[in-house]
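Novice: Got these off Swiss-Prot a minute ago, pasting:
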| type | residues | note |
| --- | --- | --- |
| BINDING | Gly613, Pro614, Asn615, Met616, Gly617, Gly618, Lys619, Ser620 | ATP binding site |
| REGION | 795-816 | region 'Disordered' |
| COMPBIAS | 796-816 | compositional bias 'Polar residues' |
Amino acid sequence: MTDLSQHTPMMQQYFKLKHQHPDQLMFYRMGDFYELFYEDAKKAAKLLDITLTARGQSGGKAIPMAGIPFHSAEGYLAKLVKLGESVAICEQIGDPATSKGPVERQVVRIITPGTVSDEALLDERRDNLLAAILGDERLFGLAVLDITSGRFSVQEIKGWETLLAELERLNPAELLIPDDWPQGLPAEKRRGVRRRAPWDFDRDSAHKSLCQQFGTQDLKGFGCQNLTLAIGAAGCLLAYAKETQRTALPHLRSLRHDRLDDTVILDGASRRNLELDINLSGGRENTLQSVVDRCQTAMASRLMSRWLNRPLRDRAVLEARQESIACLLERYRFENLQPQLKEIGDLERILARIGLRNARPRDLARLRDALAALPDLQNAMTELEAPHLQALATTIGTYPELAELLAKAIIDNPPAVIRDGGVIKTGYDAELDELQALSENAGQFLMDLEAREKARTGLPNLKVGYNRIHGYFIELPRVQAEQAPADYIRRQTLKGAERFITPELKAFEDKALSAQSRALAREKALYEELLERLIGHLAPLQDSASALAELDVLANLAERALNLDLNRPRFVEHTCLHIEQGRHPVVEQVLETPFVANDLALDADTRMLVITGPNMGGKSTYMRQTALIVLLAHIGSFVPAARCELSLVDRIFTRIGSSDDLAGGRSTFMVEMSETANILHNATDKSLVLMDEVGRGTSTFDGLSLAWAAAEDLARTRAFTLFATHYFELTVLPESQPAVANVHLNATEHNERIVFLHHVLPGPASQSYGLAVAQLAGVPSPVIQRAREHLKRLETTSLPHEVPSQQSGKPASPMQSDLFASLPHPVIDELSRINPDDISPRQALDLLYAWKMRV
């Protein structure tokens with residue numbers, strides 16, 4: 001630590017506080033500004049684009065300094081948090097008027113990306129999560145906390161691959177890991193990783209602190225007593241939350257045990273490819289959520305996002321949601337609920353801020369309005385006969401006493417902060433009313449007092465006045481001073497007058513001179529009392545908020561079902577996936593022409609479709625719409641299809657699109673093969689697999705061989721598979737794999753122009769129309785013409801491929817050496833496979849010229 005003796009007392013105070021928070025930017029309150037010093041100032045000036053100055057000296061050197069007005073700090077804090085920075089807020093807690101030396105200061109709060117709760121610093125439509133992990137490469141404990149809602153969950157996960165997929169789903173703003181873990185682990189590639197002391201993860205301490213937080217003897221009631229790794233991680237999260245918030249956390253009331261087996265698992269690549277709530281460009285436009293989310297409240301939109309990213313495999317839960325949506329669709333009942341739900345607002349985060357004791361006056365006003373809306377909402381729910389909706393109505397309840405309390409306490413349109421008062425309603429507290437009246441009506445009181453005293457004493461020259469030194473007084477001319485009543489106490493003698501004070505005026509003075517500051521202090525005390533009273537009701541209010549969010553999502557899904565023409569899917573026990581007139585919910589919304597719906601049939605006999613057809617013909621759309629229909633069914637939603645019958649799936653895999661990973665040193669082909677390997681290792685006979693153009697990132701024979709082998713492996717696994725390819729050779733797979741069938745997307749050519757019909761038809765495609773697509777894309781005509789010449793020659797010289805045989809369980813000899821073998825010249829390879837008796841003299845001559853050019 002710096003030698004403090006060379007510094008000014010104020011800077012000594014700063015260094016002591018900064019030493020306790022070396023990793024955070026310190027906002028150091030000085031009057032109306034938050035100041036930053038030294039390296040903090042330099043960093044903040046760069047990040048916030050504010051002026052860096054050097055004012056004064058301490059320790060013989062100029063002090064680098066940057067400052068921001070405290071009343072506009074929110075905008076700067078929001079920017080810093082978005083950039084991943086943490087900020088320690090250091091406030092003046094002493095009174096400058098009475099302080100000897102520097103005003104006493106202390107850090108009252110630490111704002112970090114994962115623990116921020118201020119409305120202005122959060123994205124209202126996304127969860128803001130804090131996570132911690134503990135374990136080794138075989139088994140990990142994962143704990144996740146949303147401090148803005150109170151949701152706190154744990155789970156144990158096997159292996160890095162599954163853990164990283166779960167972290168990608170959760171996308172925590174901060175991730176805590178033990179400091180004794182080796183450097184360079186896969187988890188450290190994520191943003192917001194913080195290393196914490198190993199003892200923060202101590203399981204015994206964690207168990208004790210968690211039981212203390214929840215008021216329980218043990219954790220058996222939460223179903224996680226034996227999850228020792230996850231409990232250690234949860235204890236670290238709880239300690240970190242308390243350290244940053246500097247207050248009790250009454251809104252953290254329970255621990256939920258999440259199980260991956262209860263969900264449909266999507267890996268990171270599948271989540272990205274399906275564009276559930278984030279598109280491939282990182283935005284929200286044209287995502288599944290952008291189409292299916294018309295929720296009335298932000299908390300419901302966040303719940304919808306959680307549902308989309310964590311589909312369920314619990315048939316009872318899914319069918320209860322379906323039944324609820326059907327009930328809300330009857331007689332358009334959702335239309336009665338949605339306007340009332342809009343009045344509820346973001347109750348979930350409001351209650352969390354109340355629990356953290358940093359709720360703003362407008363939070364309480366919104367809570368007041370929400371509670372006032374509940375009785376009408378309850379009345380509207382009485383006719384909803386679906387059991388799940390009835391359970392939600394019971395949980396929601398009403399809170400007439402709290403509604404009345406807030407209606408009496410908070411003015412209609414309160415200011416943003418309590419700092420300057422003006423929040424508590426007149427009539428709520430007699431003492432506050434009196435103090436405010438004194439402050440606001442001092443002039444009128446003095447005029448009334450003067451009139452009364454003139455009448456009482458009969459002295460017409462009597463005056464009531466005030467000066468800053470002597471305070472309030474009654475002044476009489478010297479000649480009338482002797483006639484002053486006995487209760488007049490002499491205060492000051494002037495040349496031509498005497499000044500007096502009376503007990504009544506003295507009492508008024510005591511009140512009036514401090515009325516404004518006392519009124520503000522009283523108002524703040526009443527506000528704190530109000531928060532404490534609300535905290536006493538936090539548990540049922542939070543349960544109500546959760547139920548309201550779910551009701552909002554279900555009403556939204558009913559509205560979407562009506563307006564997007566969605567229908568109820570049916571879950572069955574036997575293995576199948578039948579879709580009639582299925583549509584892509586997102587593409588359908590952006591098309592200016594009607595979307596071409598298509599069928600799909602997979603069952604015990606047919607487990608894989610090999611899909612061929614032209615580029616832009618709709619293969620990827622067809623595959624993605626299938627995955628989205630299955631996913632929507634697994635959140636309990638209705639689906640974009642005339643009819644859908646399906647069995648539960650355990651995973652959805654997608655290998656679609658191409659991109660490299662330059663930062664990770666992986667080529668496009670390596671990324672493609674990594675994703676393919678993940679699918680081949682983890683797909684089961686209950687999985688849905690989408691494979692698009694596997695093998696296109698390498699040479700033709702390598703790519704074809706890999707695609708062929710991958711398709712055969714998936715056929716043996718019996719996963720539901722849609723395998724789109726331009727390798728026409730793969731259309732012979734059904735001959736060796738009975739569970740495989742061919743379908744194609746049709747197109748036609750008219751006047752040398754391609755027309756995509758987008759219909760899925762049985763059998764393989766007759767041609768790929770690649771040159772027509774290239775022409776449509778604007779490739780120059782001479783290039784197209786030359787390509788036709790090459791195509792004609794290649795079609796003449798190429799030979800049909802036979803299905804490689806497999807005997808005695810051994811793989812057939814490859815037609816081409818593997819990537820790392822010494823390759824023969826392609827011409828020699830082709831020559832070795834030609835039977836001269838099978839080709840015409842003209843074909844032989846063409847081949848000879850072609851080989852001559854290539855050699």
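Just so you know, glycine gets a Cβ as well, placed from its N, Cα and C.
Describe the structural context of these features.
Specialist: Its Cβ taken as reference, Met616 (ATP binding site) is surrounded by 18 other Cβ atoms within 10 Å in the chains shown. For the recorded site, Met616 (ATP binding site), the DSSP three-state label reads coil.
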Novice: CB neighbours of Gly617 (ATP binding site) within 10 A?
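Specialist: A count of 26.
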Novice: Beyond the listed site residues Gly613, Pro614, Asn615, Met616, Gly617, Gly618, Lys619, Ser620, identify every same-chain residue whose Cβ lies within 8 Å of the center of their Cβ atoms for the ATP site.
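Specialist: These residues sit around the ATP site: Thr621, Leu745, Ala747, Phe756.
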Novice: For a quick check of understanding: among the binding-site residues Gly613, Pro614, Gly618, which residue's Cβ has the most other Cβ atoms within 10 Å?
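Specialist: Result for the most crowded candidate: Gly613.
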Novice: What are the non-local neighbours of Ser620 (ATP binding site), defined as same-chain residues 6+ apart in sequence with CB under 8 A from its CB?
Specialist: Ile656, Asp692, Ala724
